[in-house]
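Engineer: TrEMBL feature annotations, pasted as is:
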- 29-202: domain 'IFT122 first beta-propeller' (DOMAIN)
- 204-307: domain 'IFT122 first beta-propeller' (DOMAIN)
- 312-566: domain 'IFT122 second beta-propeller' (DOMAIN)
- 620-882: domain 'Intraflagellar transport protein 122 homolog TPR' (DOMAIN)
- 935-979: domain 'IFT122 zinc ribbon' (DOMAIN)
- 64-95: repeat 'WD' (REPEAT)
Amino acid sequence: MRNADLTFLSFYPFPSRVVPVDSKQRALGIYDLAFKPDGTQLIIAAGNRLLVYDTSDGTLIQPLKGHKDTVYCVAYAKDGKRFASGSADKSVIIWTSKLEGILKYTHNDSIQCVSYNPVTHQLASCSSSDFGLWSPEQKSVSKHKSSSKITCCSWTNDGQYLALGMFNGIVSIRNKNGEEKVKIERPGGSLSPVWSICWNPSRDEHNDILAVADWGQRLSFFQLSGKQIGKDRVLNFDPCCVSYFSKGEYVLMGGSDKQVSLYTKDGVRLGTIGDQSSWVWTCKVKPDSNYVAIGCQDGTISFYQLIFSTVHGLYKDRYAYRDSMTDVIVQHLITEQKVRIKCRELVKKIAIYKNRLAIQLPEKILIYELYSDDSSDMHYRVKEKIAKKFECNLLVVCSDHIILCQEKRLQCLSFNGVKEREWLMESLIRYIKVIGGPSGREGLLVGLKNGQILKIFVDNLFAIVLLKQSTAVRCLDMSASRNKLAVVDENDTCLVYDIHTKELLFQEPNANSVAWNTQCEDMLCFSGGGYLNIKASNFPVHQQKLQGFVVGYNGSKIFCLHVFSMSAVEVPQSAPMYQYLERKMFKEAYQIACLGVTDTDWKELAMEALEGLEFETAKKDFLGSGDPKNTKMLITKQADWAKNINEPKAAVEMYISAGEHMKAIEISGDHGWVDMLIDIARKLDKAEREPLSKCAYYFKRLDNHGYAAETYMKIGDLKALVHLHVETQHWEEAFSLSEKHPEFKDDVYVPYAQWLAENDRFEEAQKAFHKAGRQSEAVKVLEQLTHNAVVESRFNDAAYYYWMLSMQCLDIAQENEQQKTEMLQKFHHFQHLAELYHVYHSIHRYTEEPFSFHLPETLFNISRFLLHSLTKETPLGISKVNTLFALAKQSKALGAYKLARHAYEKLQGLQIPARFQKSIELGSLTIRSKPFHDSEELVPLCYRCSTNNPLLNNLGNVCINCRQPFVFSASSYEVLHLVEFYLEEGITDEEAVALIDLEAPRLKKREDKWQEMASDGAQTLRFDDNTDIIEEDDPFTAKLSFEQGGSEFVPVIVNRAVLRSMSRRDVLIKRWPKPLQWQYFRSLLPDASITMCPTCFQMFHSEDYELLVLQHNCCPYCRRRIDESNQ
């Protein structure tokens, strides 16, 4: 830990302080001075003469006479060819660099200041009443009046503008022609005369900045625009001169306080350069140097050299140092990150330790801490402030304390400023360093001038003497394990001791600082004489050139302080590695190589280790060298060796360490080592798709599907994951994946359907095909299912499958416009077949099973319905014999003797199975004994036209009179009291439903009638819509007794008025999906309840439907479960 305060060194190249005198030996006041631009000469205005001094040794070169009165000002041109002087005699003299006067011109008043334009070398000369502008190419001087006495002037860096400071407190900024562009008025006016001004010479500033010092005792800064920068700085003295130092970084100022002080460019006072015995009228900086010349009222000329000492602190890879005197920069030596902390006061001391930073300012100490424990965090915040003034030589900070070093005394203070402990040493403390330890109990390493080295713990009053040597300590460091101590003494010798035995292990000359390697116990480095010395163990020292001081050694990085900058130097550790290698110390050589060596060094180490049969070290070395060829060679040797001793697991580990994952996976997979495969798969990066895919392949082969799925998920191969779930028949996972990613629907549902079909789960297979959008496959499965059901006489299943087929055809018709017509035809055909097989199921059970499950009336109705439906062709599996047989028996039982006789006669013309032969022959004979007529109770009634229809109807299931199709109950097959009606053109389904829902009340009876109309060969029955008054008897209740004019069916078409008259409970609507149209039915007996299935739209007497649902827990026709939504 090295830190020091700001130091100013006074330097006199003159034999003594120069005090010019006149002929009467009176001291002459020095009002101005100027350096020649190359710095070789100093021109001084002393009395009525100019004195020219040599700056190298302080000798007077020549006095220049030309003025008749006191010389107030002098200025040198930037090109160094001429200089000018102004006097109380109202004249300005131009002098050459050879000290010859070449031109003289005058003003009306005494000359107060002169200044050369830095670019055009135009001279500005200012008097009490005007100012003039002169250039060598001009014959005359261009003069401009001034409202007040001009006390000072200064040109901008680019020579475009001239600033004039005046006695009335005004700063006037003029262009090169003398025209005023900006006017700055100081608050004090004539009470604050502007006595000195100067533009900042820095090229880094974005704006021109003017420093203004007035006798209102204030220092201010302004932009060229006249805008003030910051606030006025109170000086507490009358300033007589202002000038910038070190390219604009600092400001020098002197005046009535009889001293020259140093300020930051923002106006923060840093310290005193030199105290004088009288007012300081002028101070100027020697060009391109750190020398300052001062001229005083008593004639004293002083020459000072300013040296800015390094104030800094270091802990491991963090280096904190002072910048611009008032800022602290913390630098991370590894990441090269930097952070600036602005203190706005002179920084006197800096200390850094772990996450703590201590900064001593003139009146306080600030303790900072890091925001987080992150090793790369560079954000500091104030933790504590100790508002006390301390005087110390060295400052150290710990986790909870600060340590102040004052000569022989060490003081330990808490962060609250309370002194907790104090140690008094035998001799001056030369070096102090924190060596770590628990928080609040850190250890300090202290070196004294008398050669004593101590260890102090901040929580312990007693210091531990580690050892005592005869020479003074300059630098100290302790090894990582705290077993060895390195000391640099005042004789530039580096001595290394064993702390426990106090034995001197070795010593090396030419050392100015020393540092142990924090990662290797036996390595240290020391610097001195322009060389860096690295020593490992007891081997000879390896040298290389290096300027500066070694302050840290971490791995292959050496932290070096050169002048004011800290840098991290990367030093290959090749030399010490070869030293270990020569002695066949392979493991030690490998440890050194890990700190940082070249690829060639790694290869050499690997080959040496291989020859020495150190396979493990060689493997690590080849990996370190990064040479694939050598790595493969080593792996081959190791794999062969592992194979020979039958150790495939060792071979796998070697391949993994070498990055040959494919080979490691193949061996593990072939041996069935799932654990190793899991380990490899989880360690691999997701970008390594090929080895991960190989892992997944082996997981599948070894029936570890969960790990295979995890691997596919890692590489994001969703398709492979889907196929895995399908192959392993994990259908739930497959379905879940397909829901999130619909593009895989086919990949899931098609194999699922095939699997279902293979496992004789055809119904589920059909649904799966349908869900996958494979309508053709779904239809094929259904057709096969239907055929099988018919062949196996499962007519109820056949009916269900045909119904499903019809709905599939309807779906295809919706999706495919080209197949729409064909699919709609199939839809109606399959619906018809579904109904036939549904009713035939009951007849088949009646004829095949010993007990009947239906009432005679139901079988009678079913038989009639079936015979009426089989007018054209008989579908596969349906027997007309069974149908007629059932009809004959039930007709006879119910008293329909005429129909029974007809049925028996029909049976005589058919091939009768032997088991029915006797029963039919007997029935044919006995029926002849019965009357030749049918019971009137059985005759079906048409609810539209109230016509009694014959039991056997040649037209089929329609009325013989009005041709209105009968609507049957899907359970008892009785004719339901429903009449289908159609909407008038222009009425939409939505409008119709809305009108029906209105349920408008009926008005008085009118004589409106149903009207029969004939046009284009078609007959239509419609209700007249010429009035809004609806009659009491609507078309469904009126008795239509008219002679049918033709054989075509005349539908009931209703208009809006009729729809409004209907009650919602009397209307049933089959809401078919597109492209089918909705069907509307009107109940003519509202008290007799009818239920319609919302899926298949079959009608039932409500009591029958409820009973069947209770029996089967579903619709008896479409098998829709009662807990399903009505879709």
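All residue numbers here begin at 1 and follow the chain in the order shown.
Each residue, glycine too, has its Cβ placed from N, Cα and C.
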Engineer: Which residue counts does DSSP yield for the domain 'IFT122 zinc ribbon' (935-979) in the helix, strand and coil classes, in that order?
Structural biologist: 3 helix, 8 strand, 34 coil
Engineer: Which residues of the same chain, at least 6 past either end of the domain 'IFT122 zinc ribbon' (935-979), have a Cβ under 8 Å from a Cβ in it?
Structural biologist: 838-839, 855, 857-858, 860-862, 864-865, 867-869, 871, 891, 894-896, 898-899, 902, 1036, 1039-1041, 1044, 1047-1050, 1052, 1068, 1081-1085, 1088, 1090, 1098-1101, 1104-1105, 1108, 1116-1117
Engineer: Count up the helix, strand and coil residues in the domain 'IFT122 first beta-propeller' (204-307) according to DSSP, in that order.
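Structural biologist: Taking the domain 'IFT122 first beta-propeller' (204-307) as a whole: 0 helix, 64 strand, 40 coil.
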Engineer: Can you tell me how the residues of the repeat 'WD' (64-95) break down into helix, strand and coil by DSSP?
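Structural biologist: Summed over the repeat 'WD' (64-95), the classes give 0 helix, 19 strand, 13 coil.
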Engineer: Tell me, what is the mean pLDDT of the domain 'IFT122 first beta-propeller' (204-307)?
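Structural biologist: Across the residues of the domain 'IFT122 first beta-propeller' (204-307) the model's pLDDT averages 90 on the 0 to 100 scale.
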